[in-house]
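Report on one structure; see the data block that follows.
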Amino acid sequence: AAEAAMGGSASVLPREALDEYQELTFLSKQEILLAYKRFSELLPKEERENACSTRVPKSRILTLPELRANPFQHRICHVFSTSDDGDDSMSFEDFLDMLSAFSDSATSDIKSHYAFRIFDFDDDGTLDRKDLEKLVNCLTGQGEESRLSSTEMEQLIQNILEESDIDKDGTINISEFQHVVSRSPDF
Amino acid sequence: SLAEVFLPEEPGAAAPVGFLQQLPSYQSALRRRNASGGGTQGYSAERRGAEARRLEQEGGELVARPAREHPLSIAEKRRDLQQADTKYLSGWEQWKRTSNKSLKKVLNEVKELSSYLELWRHDIHSIEGKFGTGIQSYFSFLRFLVLLNFVMFILMFSFVTFPSIISKYGIFNSTFSKIPAQNTEPHCTVYTPSGNKGLVYFYTYLKDLLSGTGFLEVTSLFYGYYTIHTAWFSILSYNLPLAYLLATFFYLALSFFWIIKRSVEGFKQNLVHDEDQFQSYCNKVFAGWDFCITDPNAARLKHRSLQYELQTDLEEERLKRKIADRTVKEKLRIYSLRIFINIIVIAVLSGCFYSIYRATVFSQENSSDISNMNFQANLLVQYLPSIVITLANFIAPQIFSFLIGFEDYSPAFEIRLTLMRCVFVRLANIGVLLFSLWSQISYCATDECKACGYNYKLYPCWETEVGQEMYKLTIFDFIIILAVTLFVDFPRKLLVTHWSFKPVQWCGLQEFRISDNVLEIIYGQTICWIGTFFSPLLPAIATIKYFIIFYIKKISLIHTCKPSARPIRASSSNFFFLLVLLIGLVLAFIPLGISIAHIPSSKACGPFRSFNTSWEVVPYTILGFPTGLQQVLYGIASEAFAVPFFVVICLIMFYFMALAGAHKRVVEQLREQLVLESRDKLFLIRKITEAQRH
């Protein structure tokens, strides 16, 4: 049934665009068509014809089930959006970029690069103590009782910096991050 | 003094003006920061593209990375691609580029097509989304076992069963020959299996189906059916005993290498990981979130489990510091307590082994005595060893997890030690069963019995007996899994949903305990490996069994389980499952090796009637080879070859170990150097700014 539906929408996505996207991302043809279908469902009916060039506002993107439960939803939208207005709206190509970075066939280089940007809450190019603190709070969940106590947070951040900060400047830059993540079996 | 030279570490403090801003590294960071001044991304596209291209041109030999491996947005990648296209390329390079592209396209198509053939792709994907990658690894493991058993079945069927069947029925103009046994006493060769003759009660068929006796005993399911020595297909001769033995070795080797191939990834990571204990915090924080989760309930649980895990780890670290501060008296107390508890563990294990031994002996003695027992009692006696093993496999882990609380280990070590003990119990139980079977089979009091080498009166065809025992174990294992799901999991779910009695609610839904489930199926697989030599069609039964278990477990997971509060990491679990499976396989080698090479094969049935032991068919065949080949084979098997070979392998291994040690040392030195460099840099900058001020 999914294939039949995708067959219907394939007539809307031109073939050269499909080939081009296959080359520029890590997604397979089926995945790109599925992504197109999901993306056009986010748009109101009138705008579905030129889904390739419309931008979807952030609030609609966050209704996707995969992002709804994700604590990094806002950062993900911010990192992958190429919108000039700063409103974090995403076009179809941004959407594909996001899926490509998260797909199984993406290289770990790409994944670690985007992960660094997602974790860099203040966008300054390094992960400092404040970024790490926000990161841990995102992981343990929203709400007061789910946060670590300040001593535990201190101990944890100290341990993280000990493990990954090679040049001991108190922050983690992208090379240090990629280095520590390359040895991380769960990444 | 040195203290003055080394500056206090100020994390990213306000950069001292002037020189620090002129450093190249600062400039590149500044460029990135400036681009974010417009309010959008912090990383300018053109900068990155330019940098990437510059890097590629600098390292002339660097192969141009495919466009999609650049961390840019699609629009930027498209621009890069167009710019690259307009560069002038020679005809040869253009041709190379286009052929590369079309090859990649073809490969992608093939990969997409083959992903359709993957079994249960959609099911496992949806489980991953709802329950996370830890549980998904269990189901992928189950799928791997289904495939492995299917391949084993195809192997044994095509090389052993199929030739036997077609030559017995004379299809394709085939004939067979049986070499009469020489040098054996006639009494050893008497074997009359009672395939059901005449009118029997219906329940006899059921009993036979469940215990492999009666009509099943004479089918190709068991060893006793394969009595042919050579099968002739027009002019080709097919040596069945040799094929039987070689197929056995081949399926063992195939399983071995397949498991090793699958575990190589996890092996490398675990070897590296274990050495460097310091990576665990970064791993948990940076790789902690499971991006496959789509369900908000699962997400909430994941948050809780992450919080629990981080707190436990920090707690453990504090505990470690406390342990280091223990006094001598406390240490003595703890060590003596641990020794005492280990003695209890050994006592529990011996209790299990002894009860299995007694149960097997009892079952063997009384199951041949059918006359004065009714159907159910007989079935119970037949299944007694399986029942005792299952009970032992259930009770012993509970005892172990209770005892470990007293031993005061760190939580991670506790889990590992309990798991190791459970693994040992399960695999050793099978060993004890087989040992007790053999002690029965080779128990010889009379001279006639000694002439045969085994107890010919009770076990004229002892391989079939062992095969039947393995068959019963497999069937019983399957029945138990089915029964537990139907009669424990679902009622529990019904109780918890509809009865708000406090203790019941406190018990709650059960968790999907991954390690217990995995040990269960590894136990079943070990039985299959051992049993396939005695019952060549057992892999088919195992395939069907695991196929059905997949759906049973999936339904039970979705409808009756709550996700586990304690997370199991996907990476370490994959490696752990395969490691335990490998242990099971190696343990399966031992009983098979003993029965093939040491215990005399039965003279009344089976393909090895005319040989002393099953292994003898190999030397016998080699004697039939041309002399030159014989010399070569003898040379390989002799000490003159084996000892130098062993020495060379040891040398190679030591070389690689030394290499790895040297690399580790180099990495350490480089790290220290990096730290020193950064300190030097800050120091120099301070000095320069001071000098500037004066």
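Backbone N, Cα and C atoms are what each Cβ position is placed from, and that goes for glycine too.
Here's what TrEMBL has on this protein:
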type     : residues  : note
REGION   : B:31-51   : region 'Disordered'
TRANSMEM : B:144-166 : transmembrane segment
TRANSMEM : B:242-260 : transmembrane segment
TRANSMEM : B:339-357 : transmembrane segment
TRANSMEM : B:383-406 : transmembrane segment
TRANSMEM : B:418-438 : transmembrane segment
DOMAIN   : B:461-571 : domain 'TMC'
TRANSMEM : B:575-599 : transmembrane segment
TRANSMEM : B:641-662 : transmembrane segment
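Here the transmembrane segment (B:242-260) touches the transmembrane segment (B:144-166). Their Cβ atoms form 3 or more pairs under 8 Å, with each pair 6 or more residues apart. When each of the listed stretches B:339-357, B:418-438, B:575-599 is scored by C-beta pairs under 8 angstroms to the transmembrane segment (B:383-406), B:418-438 comes out highest. Only residues 6 or more beyond the boundaries of the transmembrane segment (B:575-599), in the same chain, are considered here, and those with a CB under 8 A from a CB of the stretch are 137-138, 141, 245, 248, 252, 255-256, 259-260, 262-263, 266-267, 269-270, 419, 423, 427, 430-431, 434, 438, 441-442, 453-454, 463, 466, 518-519, 522-523, 525-526, 529-530, 533, 613-615. Remote same-chain partners of the transmembrane segment (B:144-166), defined as residues 6 or more beyond its termini with a Cβ less than 8 Å from a stretch Cβ, comprise 119, 172, 174, 220, 225-226, 228, 231, 238, 240, 243-244, 246-247, 250-251, 254-255, 258, 262, 521, 525, 528, 532, 536-537, 539-540, 542-543, 546-547, 550. When the domain 'TMC' (B:461-571) is classified with DSSP, helix, strand and coil residues number 87 helix, 4 strand, 20 coil.
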